[in-house]
Amino acid sequence: MNETSPSKTRKPRVAVVFGGRSSEHGISCVTAGSVLAAIDRGAYDVVPVGIATDGRWVLEADEPARLAIRGADLPSVDAERSPVALMGAVTGTDLVVTEPASVPSVIGEVDVVFPLLHGPWGEDGTLQGLLEMAAVRYVGSGVLASAIGMDKAFMKIVLQAAGLPVTPGIVVTRSEWEQDPVGCRTRVEELGFPAFAKPARAGSSMGISKVHDATEIEAALEEAFRHDPKVLVEQSMEGAREVECGVLGTLEGPPETSRPGEVRTGGDHEFYDFEAKYLADQHTEIDIPADLPAEIEQPLRAMAVRAFEALSCEGLARVDFFVMPDGSLVINELNTMPGFTPTSMYPQLWAATGMTYPELVDRLVQLALHRGTGLR
């Protein structure tokens with residue numbers, strides 16, 4: 001394990017990386033705007049790095065306000081800005097501007113990357129693998145946990161193997177649907193209604209539909225297939241409360257958990273969809289902390305840690321639960337890179353637990369600075 005620490009003669013340099021090629025590009029930009037506004041500039045040298053939708057890495061403007069949601073419009077990375085790349089150097093890994101026909105301009109050694117990408121090609125272990133190969137420290141989970149956390153179907157397998165309760169579900173791939181639609185319909189019908197069809201490897205509730213009966217199967221699958229050729233169909237946990245819990249690593253000892261929060265949707269929202277999560281919505285109510293008796297809250301927080309450790313997560317995660325009418329707990333999913341937008345649950349959960357947003361950002365950077373590179 002490489003335990004080399006950043007130079008003590010300068011502030012640690014943090015590259016905030018955001019954007020990406022996934023359908024969650026805009027949400028990633030919003031998250032980055034919040035982090036750029038909150039990070040302690042007195043403690044860190046901050047460099048914003050955007051990944052355009054075509055995969056180009058660019059040196060973005062350090063303007064957090066530009067990355068805010070305006071109405072229903074999401075921001076995006078400016079692909080025309082100066083391209084940048086990570087390049088190996090004698091003392092570490094430098095971030096350099098690679099403008100055509102020019103000598104690369106060295107920005108300097110990167111001590112920590114704060115990856116704020118959501119969805120495939122960023123949150124799924126791909127970026128984490130690149131950073132591992134470059135021996136660059138980064139915030140959040142490693143390759144394995146990120147990959148498992150991205151694929152909801154494999155996540156279920158791992159959580160079940162760890163003895164944790166999950167929602168019943170089946171996987172339907174696009175090729176299976178095209179080759180045997182009758183068989184796929186039968187499998188969904190056997191699972192039972194109502195159900196939810198969701199892309200296996202997408203987030204922010206994109207592409208999710210509630211399926212009330214057999215007549216809605218095709219439309220729900222086609223909507224999910226627009227985001228991912230692999231779809232997870234799960235039983236709807238009718239009558240359950242949706243409760244979320246934040247998990248945060250520590251420099252020493254086991255991870256900490258936040259007070260849980262509850263999401264209550266109404267109006268036209270049958271579930272916590274994209275609009276309810278990221279856009280102002282008067283029909284969605286968030287209760288933080290959730291009104292739970294101690295005999296439910298404490299086991300829920302303990303189960304959140306078990307899920308975090310089952311996937312070998314690092315840094316942070318948000319674990320989403322269903323609290324059933326009889327008080328039993330079922331894990332919905334674990335998110336290895338939860339959103340940091342002003343309306344995101346994860347920062348709100350920690351605020352209710354006594355940790356401010358800037359303190360949360362600082363904790364995550366410090367955790368990354370103090371962990372070694374390589375196998376751990």
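Even glycines carry a Cβ here, placed using N, Cα and C.
TrEMBL annotations: computationally assigned, not manually curated.
Feature annotation from TrEMBL assigns active site to Glu24, Ser204, Ser344. Look at TrEMBL and you will find 156-366 tagged as domain 'ATP-grasp'. According to TrEMBL, the Mg(2+) 1 binding site annotation covers Asp320, Glu333. The Mg(2+) 2 binding site annotation in TrEMBL covers Glu333, Asn335.
Listed recorded positions: Glu24, Asp320, Glu333; maximum Cβ neighbour count within 10 Å falls on Glu24. A separation of roughly 12 Å, to the nearest angstrom, links the Cα atoms of Asn335 (Mg(2+) 2 binding site) and Ser344 (active site).
Per-site Cβ counts within 10 Å over the recorded positions Asn335, Ser344 peak at Asn335.
In the three-state DSSP scheme, Ser344 (active site) is classed as coil. Averaged over the domain 'ATP-grasp' (156-366), the predicted model reaches a pLDDT of 93.
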